[in-house]
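> Okay, here's the structure, questions in a sec.
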Amino acid sequence: MGSMFRSEEVALVQLFLPTAAAYPCVSQLGELGLVEFRDLNASVSAFQRRFVLDVRRCEELEKTFTFLQEEVRRAGLALPPPEGVLPAPPPRNLLRIQEETDRLAQELRDVRGNQQALRAQLHELQLHAAVLGQGHGPPVAATYTDGPSETSPLLQSLGDPHQDLRVNFVAGAVEPHKAAALERLLWRACRGFLIASFREAERPLEDPVTGEPATWMTFLISYWGEQIGQKIRKITDCFHCHVFPFPEQDDARRGVLQQLQQQSLELQEVLGETERFLSQVLGRVQRLLPPWQVQIRKMKAVYLALNQCSVSATHKCLIAEAWCATRDLPTLQQALQESSSEAGVSAVVHRIPCRDMPPTLIRTTRFTASFQGIVDAYGVGRYQEVNPAPYTIITFPFLFAVMFGDVGHGLLMFLFALAMVLAEDRPGVKMAQNEIWRTFFGGRYLLLLMGLFSIYTGFIYNECFSRATVIFPSGWSVAAMANQSGWSDTFLAEHPLLALDPNVTGVFLGPYPFGIDPVWSLAVNHLSFLNSFKMKMSVILGVTHMAFGVVLGVFNHVHFGQRHRLLLETLPELVFLLGLFGYLVFLVVYKWLRVSVAGAASAPSILIHFINMFLFSRSPTNRLLFPGQEVVQATLVVLALATVPVLLLGTPLFLRWQHRRRRRRHAGPQPVEDEDKTGLLDSPDAPAPGWGSDEEKAGCSGDQGEAKFVLSEVFMHQAIHTIEFCLGCISNTASYLRLWALSLAHAQLSEVLWAMVMRVGLRLGREMGAVAVVLVPVFAAFAVLTVAILLVMEGLSAFLHALRLHWVEFQNKFYSGTGYKLTPFTFTVEDE
Amino acid sequence: MLESAELYFNVDHGYLEGLVRGCKASLLTQQDYVNLVQCETLEDLKIHLQTTDYGNFLANETNPLTVSKIDTEMRKKLCREFEYFRNHSLDPLSTFFTYMTCSYMIDNVILLMNGALQKKSVKEILVKCHPLGRFTEMEAVNIAETPSDLFSAVLVETPLAPFFQDCMSENTLDELNIEILRNKLYKSYLEAFYKFCKNHGDVTAEIMCPILEFEADRRAFTITLNSFGTELSKGDRETLYPTCGKLYPEGLRLLAQAEDFEQMKMVADHYGVYKPLFEAVGDGSGGKSLEDVFYEHEVKMNVLAFSRQFHYGVFYAYTKLKEQEMRNIVWIAECISQRHRTKINSYIPIL
């Protein structure tokens, strides 16, 4: 858990990998996922790197894999996910895999080609059959009906002497969408010299390539003359028509047709055989392909990682630079030794100093992951910055619950989250692909806590589906009031509203033990009572939350060795915040404790006091809360205003002074005394426990000292910070009032839902006498609306506002979030 | 005309304009060219192209890689993009797209007719045809013997039909006639396209008209240059010039009389736009050819088209720029595959 508070110490290490052992080493590192490689060849383009040939071979293989996968998919089969642990194969195995893959692909291509050819043949036969089948009657008849005036005189009167003028036929089939264009073109190109008849084939045929059924158009063209015939043939060619010989005699046609059917039967048999063989090959692919795919992908990743290494001067080893958590260094060392033991020369890890900011590494568990996610969505923390996530675990669900306070709704949410938590290890739940579901599932622990806290605040607000529950006896007694003031029946009949006066003895027995007294739910001034309570509560929570944020900044300053900021920033900030708004909180609490029912009529107004505090005035009608109040108030305002210049000028002036002093010392004769420098140089050999902070300090002051200290920039930065903080204090405090607004909205919505749906239903049921029958649909509506509006919609809105309160109001007090994540080189994604 | 394009343009064409601008951003940068030029083999070229927007468009090509395979795949990619634009376009823009494809269609028709003349098989020629200019009746072109035959039988239904009005003749199609037919078709095509853009008005006219004017003048210069030493008479030559350019009418008349390159250059000297272009042309041994100079000027105009919004010119400009990029890649690839690296740098940079 210690690592939750700030990110882990991360060191830059240099790995000396003997050339022979580099591959197994990196492959092992990929399995462990410990280190993030730095690209040492950024200036070298992709194709000039060392292992580019190996990467290319992997890519070639992947190309073949894609082909195989595509074939399997086309056959309507699925690839099973690979089983077991599959390490990256040793490089020599690549050749074997490649050979086998190529053989498999070749085999598959051959079989597929055969099948394709057979199918095309079958298709051709079927088309031929279709053309001839339709040629029996109708087209021939059509020629007679279409052009008797042209054909009959030509053939009959000039029959014998003009043998060459006899009618010729071209028959064939064309794809349906081209038929119209073909017909028009034929007509235009050889108008009058032909008669064409188009009709649809009787049944759709499967396309040999795509396998989709299509109804082809068959056509029969009768024409005169050889010239036209050539033209027609050219045109049919260019439309990719299938043209078949067309015997003119019916008998001959029938004979051919029978022959065709015979052929197609035989062909189908052969095709069946081929398909059986194909499915065998595909089965083999299905078995072999998934493990290979994983292995080759790992192999490629390893080579890509190796491409980021530079080569040592002697070419004996590869040098890699990597970020690695200090905690993992022994594991890293061991892993490298184990995997390089075969090669004889062992790989060496050694730590090197670095000026760049190391990446941020925060290890999370399944419980903390969602909370860390909330923080990371705003920005990944700087290296070793205070991590707001552990506090978010409590404050986030709590602030959410303040806005979502309802026992019933909270319970539903809690149970939903609990179900997810209990079922989290089931593979079906884990593998679900639905994006919305995954979002909810990812935040299940967050939901669990949010539900739990909502139940708690629900009890405080005393609301369960907007109804109050009486757990303890109420602190108010109506009977006492009635007895004391002698309410008669007529008085009761005349006055629909009756007031309970707490000053009358026996009416107010004392505060309700826990939460809001249920009697308030009957009162008409229920809302104004709750509003006053919730508003004050919001301000108190807000000021506390913000002050906590400012205090967290202390840990940052101490850790990064910027102690001046404690005095020059944190202290003035705290004074400003607590002096003004802390005092407001004090007033609220003081008034709650000191002003009793007896003095309620002349109770002082905090609002007027607070306004007067800034105006340095007093209003005679507003009683003082405590003696000496005006002096205290004046002091606080002056103090708060006095912190502003400190905040504005303190840090820049201090930095300038520090800078001048250092420069003077640099100019002097003793440069050895530069502690930062020596610390930096010593650190690689003996990684002291405080290395990280030392490094940070050295980096910081070094940057400011050497990289030109620009006063105006520091001033600008500080001025922005000051303005943001001072104005922010006011606007952020106001912003916390959203707690009040949202909880009010939630309570009112559920109240409305109850009154408009459930209560109407209950009354209706009583009037009609059949309670159960009416209540079924009414309750269904109530349940659906509760879940849809109150749980989902209101829940999302409360979540959003809680998120905003954390990101904007809380985290801007101390969290910069300008770091970057440690993304270790790992195969885990490849495994999935 | 009311300046209403800004108001309504995005309703119909906003998506496509956004898309085409995104596509334009994916054109290769100067740095990419520097890297490409450094490549040793076509495989290197392929690896480098993978890091650009081309992605692994060559992934399914079987080895060995050749320049023509790269060219075909690049054309296919452009064609896919263009088809996407075209399928999603609404009326004025879709007509605009049709006009854009017409020039490729003309080229394809002429290519096929030349092929038929030389008795080559249709399949062989089809491979060379530009995919943007494909149409169904295309392959039937070789059944025609005369231009009017060609028109009435094959092309009457295609968008090319209106351009045929000037070239109906019964001459047999020999090589010279085909060339004349091409130029006449192109002339009426350019004039029609110019008229379309002019009538459309708005920014489209402001952007497209200069581009088309330049295109027309470039054709006029090229025709003149190519007709030196052929049997084409000066009168015939003049009828081939597109009349929508800046050269019309005086320049074209002068150009018709020109007898060598120097005289052509003198004509160009009268025009502020073309003078610097002709001056940039180097003589025989080194320097740029007239073609390259024209290409550079075209690239400049096309790039400038992207500085205005709400017009169709971006689609034209994008296609032309992409074509230029493809020419550049092919040039570099050729230089690499023929190991002829001295001229590898004379591609046309796209700014």
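Cβ coordinates come from backbone N, Cα and C, glycine included.
Curation does not apply to TrEMBL; its annotations are automatic.
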> Would you mind telling me which of A:179-198, A:299-318, A:539-558 TrEMBL tags as transmembrane segment?
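Transmembrane segment, as annotated by TrEMBL, spans A:539-558.
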> Under 8 Å for C-beta pairs, could you tell me which stretch among A:398-423, A:507-527, A:570-590, A:636-655, A:768-793 has the largest tally with the transmembrane segment (A:597-616)?
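Between the stretches A:398-423, A:507-527, A:570-590, A:636-655, A:768-793, A:570-590 has the largest tally.
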> Please identify the stretch among A:398-423, A:444-461, A:507-527, A:539-558, A:636-655 with the greatest number of Cβ pairs below 8 Å relative to the transmembrane segment (A:768-793).
A:398-423
> Looking at the stretches A:398-423, A:444-461, A:507-527, A:636-655, which one shares the most CB pairs under 8 Å with the transmembrane segment (A:570-590)?
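Top-ranked stretch among A:398-423, A:444-461, A:507-527, A:636-655: A:636-655.
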> Against the transmembrane segment (A:398-423), which of these stretches has the most C-beta pairs under 8 Å: A:444-461, A:507-527, A:636-655?
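Ranked by Cβ pairs under 8 Å, first place goes to A:444-461.
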> Within the same chain, where does the transmembrane segment (A:636-655) have neighbours whose Cβ lies under 8 angstroms from its own Cβ atoms, ignoring anything closer than 6 residues to its ends? I mean 6 or more beyond.
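Same-chain residues near the transmembrane segment (A:636-655) but 6 or more away: 564-565, 567-569, 572-573, 575-576, 579-580, 583, 613-614, 616, 704, 709, 711, 714-715, 718-719, 721-722, 725-726.
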> Give the nonlocal contacts of the transmembrane segment (A:444-461) in its own chain as ranges (CB under 8 Å, at least six residues past its ends).
366-367, 370-371, 374, 393, 396-398, 400-402, 404-418, 420-421, 424, 514-516, 530, 743, 747, 799
